[in-house]
Structures are given as C-alpha cells and as structure tokens.
Amino acid sequence: MKKQWTRRSAAAIAMVTTLLLSSHSFAASEKTERVDPRNEAYAKQHADQYESWRPTSDSVQIEDALAEDPNMVILWAGYGFAKDYNKARGHFYAIDDVRETLRTAGPTDENSGPMPMACWSCKSPDVGRVIEEQGEDGYFSGKWARLGSEIQNPIGCADCHDTRSEEFKNGGPALAITKPHVERAMNAIGKPFDDQSRLDKQASVCGQCHVEYYFTGKTKAVKFPWDKGTTVDEMEEYYDEIGFSDWTHKVSKAPMLKAQHPGYETWREGIHGKNKVVCVDCHMPKVTREDGTVYTDHKVGNPFDRFEDTCANCHTQSKDMLREIVSSRKAQVLKMKLTAERQIVAAHFEAGAAWDAGATKEEMAPILQDIRHAQWRWDYAIASHGIHMHAPEVALEVLGSAVDRAADARTKLVRLLAKKGITDPIEIPDISTKAAAQKALGMDMEGMEAEKKHFLETVVPKWDQQAKEREAADYHPL
C-alpha cells in the first residue's frame, strides 16, 4: 500500500512539474505539427514566392562599412562593432554572415565565445522552432555557439508566416509573429498583432527584426525598449531609467548605447509610415506573371529596381526625378552624419584626456551622459538602414540633436580641461583608415582573424553535419 501511494504521489508530482514547465516561457506549442524551418520545404506550395526569395543570394559582395567610414571604429571602441561591421546583404546570407563576422569571434565549444544565444534571434526560422521546443529560457540560455548545429536555415518562410495553418497550406499568406518577445513588444505599444490591420501586420512581421533591441536578464534574452514608446527620446528615457548600457567606451569610459537597426521605429515616424505605406509596398511589391498570376515578390530589394511596381503606384514623378530627390536627401543625411561623428569622436578623446588629467567620476558624470546621448542619437539615425528614404526629416532632426549633445559635452570638457591646466587642443591619433583606427585602439586584428579562420574550418563543419543528420531524422526528404 505504501509503495502504491509513493508511486501515485511521484506520478502526480511529475504531472504537475510537466504542466508547470510546459506553460513556462512559451515552452511548448499547442500545435502537434512540428514547424519545418527549411525554406525549400515550401518551394512547391508557394513556388512563385520561393523562386523570388532565392535571388536574395545575388548580393554576393561584402561591403565593409568600417573601411568606408573609419570614424565608426572609434565610436564603437571597446565594442564588437569596432572589429567588424559590414553593410547588410540578402536574407539568404543571414546564417553565413553571423558566423563569419569577427563580432561572434571563434568559439571552440558550446560554452566559449563572447556573444549570447540572442545573437541568432533574427537570423533563422530555426529560432522560433527551438523556442517552441525548449521555451524561451531554453533557447536564450548560454553562449552563441551552444546551438550552432540547431540554427541552420537562413531567414525565410517560417519567420513571417504560420506555415502550419490551413490558410498557408491553401496558398494564403498567414502572416505571423513567430517570437514571443516580439508579441510582448507589440502589446507594449498598444498594437497586439491579432488586432492589427492587414497593412500593419505586413509591417510588423518585418518589425520582428528591423528594430532596436537589447539583451536583458541572466539569459541575455531579447527585449525591445518600447515600454515608453518608439521615438529616440522615449527609448533614451527608458534606457536611462533602468540604468542600461551596452558597454563602456574604451577611450572616454562613457556608458554607451548601441542602436541596432530601428527601421520599424523610424518608419513609423516618417512620411511613409504615417501614410500607411508599408515595407512590402516598396521592397516586396506584388507583381504579375505572364499568365496573369499575381504574387508578392520575395526578393527584398531597392524599390527603384522595380519602379513601376513600387514608386509609380503612388508617385506621378518620373523615376529620374524621384531618384534625384532621394539622392539629395541621402547627401544631406550623410553630411549631417559626418558632422555628428567628428564632434562625438573629438568628445571621446577629450574625455579620455580629462581622465588622464585627474578628473573625478563626479566631474565626468554629466559629460559622459552627454556623450552617451549624442552617440545614441547618431546611431539611432545611421543604423536605421534607408532612413534617408523612409524618414529623412527624422534622420536630420535626430542627427542635429546628436550634434547638440556632443557640443554640450565638449563645452563642459573645455572648462574641465582648463581647470586641470590643459588649454591646448587634444590631439587625435591617425584614424584616417579602418586599420589605422583599429591600431590606435590597440586591437589585435591578426589574432582575431586567425581565431575566426580556425573556427570556420573546425567548428562550423561539425555544426553543418550534425544539422544534416538531425533534419534527415526529423523531416521528410526534399
């Protein structure tokens, strides 16, 4: 009798534990069908969309943004982006690019390397799959290399669509948010996904990734800083209130913020967003085949490449005229961007000189706050890809405020340096090239590149083989 009671009690405890675990952090989906993250799995079902997605692989060339603008090496001194920052390529390369960047370094096992698991979060439909299977804590916990063999398929179908729904299986879009942290963010700004209009949903699925975010808690989980809103001021206020910083600047020791790519936020504030012109209208237009079939072109790209299907739907001006307008705005934004950079770079070096001259934390605190705010505003504008087209007025206003904050910092620094007996201009080292700027910071680029090469040659092939074996066991062959 006692043994029977013990067995029943153990079974009951196990059942309760199972229920608690399954309800924790979105741990298990109510759906019994496993999500298939392989984009090729939908090639027949959505042939037009798949065949138009594949050419996102055409953007083979890697453009080095640091080589183009070495100021950014100094602006991100002490942070991973000073090592390596390339311009965005097509979705097809999402996995390759995050593996190959120096920012993820060269982990030798699942517990090494500088980056958290969160760095996969916008790279693959495997992320949503793993969250379903292991819960949010199960996904986010640990280092980036921990699930390298699990995160294998580049950005694609199951990132933005409910691929298991009858709507999708019958040829419909079935737009979906596939990550719980995005659902919470949309709720925070009063836009629950299920209540959104079709147009808003088309923007929100892009807003799963083309946004500002940060890592929080023990697991370094992704969170969008939208609790107070999505403008540059509202997010700055949020970060200041919680005392968050991404890193401490190597030169100035300022507690810095690294804007990611707040395209969704700046789009909302710009003329296109306010007029409900959404991402797909310009970057994934509806096109018509010769047989009259209409479908959404999934080769995300420049609207000028498909002018008649994009811009011409709203604008009466010629392609040449609109291109000239956009080029002019881009030049204006670039000019203000470089102006802000020169001021902020100088502020970092002047702050470093103030520390060297014996400045105290109390003396430096308001100066470092100005530098933090200046660079946050600069980064918010320049990290939002295409802001010169999405919201040029937002870019110019925000960059103007970055210049103002940097000027505030430098004015205070002039007084503080004079107080310490320094009245000559602070010398800035040679930062005319990417290599020179990295050298000025004492960065061992050869060592980093060798470490990355070893990782790509030894660790990544094992990941790929393990993934191949797992997918062969879990899914039907393609």
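Each Cβ is built from the backbone N, Cα and C atoms, and glycine gets one as well.
Feature list (source: Swiss-Prot):
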- H91, C206, C209, H210: heme c 3 binding site (BINDING)
- C119, C122, K123: heme binding site (BINDING)
- C157, C160, H161, H298: heme c 2 binding site (BINDING)
- E212, Y213, K258, Q260: Ca(2+) binding site (BINDING)
- Y213, H261: substrate binding site (BINDING)
- H272, C311, C314, H315: heme c 5 binding site (BINDING)
- C279, C282, H283, H390: heme c 4 binding site (BINDING)
- 1-27: signal peptide (SIGNAL)
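Restricting the binding-site residues H91, H161, C209, C311, H315 to those with a CA within 10 Å of the CA of C282 (heme c 4 binding site) leaves C311, listed by sequence position. In sequence order, V211, Y214, A259, H261, P262, A383 are the same-chain residues whose CB sits within 8 A of the CB centroid of E212, Y213, K258, Q260, the residues recorded for Ca(2+) being left out.
For C160 (heme c 2 binding site), the same-chain residues that are 6 or more apart in sequence and have a Cβ closer than 8 Å to its Cβ are L175, A176, T178, V205, C206, Q208.
Rounded to a whole number, the distance between the Cα atoms of C209 (heme c 3 binding site) and H161 (heme c 2 binding site) is 14 Å. Here Y213 (Ca(2+) binding site) is compared against the binding-site residues H91, K123, H272, C314, H315, and the shortest C-alpha distance is to K123. Other Cβ atoms within 10 Å of the Cβ of H91 (heme c 3 binding site), summed over all protein chains shown, number 21. Listed in chain order, the residues near the heme site other than C119, C122, K123 are A94, V98, A118, W120, S121, S124, V127, C209, each with its Cβ within 8 Å of the site Cβ centroid. Sequence-distant neighbours of Q260 (Ca(2+) binding site) (same chain, 6+ apart, CB under 8 A from its CB) are V211, E212, Y213, A383. Here H390 (heme c 4 binding site) is positioned 20 angstrom away from H91 (heme c 3 binding site), judged by their C-alpha atoms. Rounded to a whole number, the C-alpha distance linking C122 (heme binding site) with C279 (heme c 4 binding site) is 17 angstrom. For the binding-site residues shown (K123, H161, H261, H315, H390), fewest C-beta neighbours within 10 angstroms: H315. Cβ atoms within 8 Å of the centroid of the Cβ atoms of H91, C206, C209, H210 (the heme c 3 site) belong to the same-chain residues C122, I155, G207, Q208, G263, V300, site residues excluded. Listed in chain order, the extra residues whose Cβ falls within 8 Å of the Cβ center of the heme c 2 site residues C157, C160, H161, H298 are Y42, H46, Q49, W53, G156, A158, D159, T163, P173. Among the binding-site residues listed here, namely K123, K258, H272, H272 has its C-alpha nearest to that of H390 (heme c 4 binding site). The two recorded residues, C311 (heme c 5 binding site) and C279 (heme c 4 binding site), have Cα atoms 12 Å apart.
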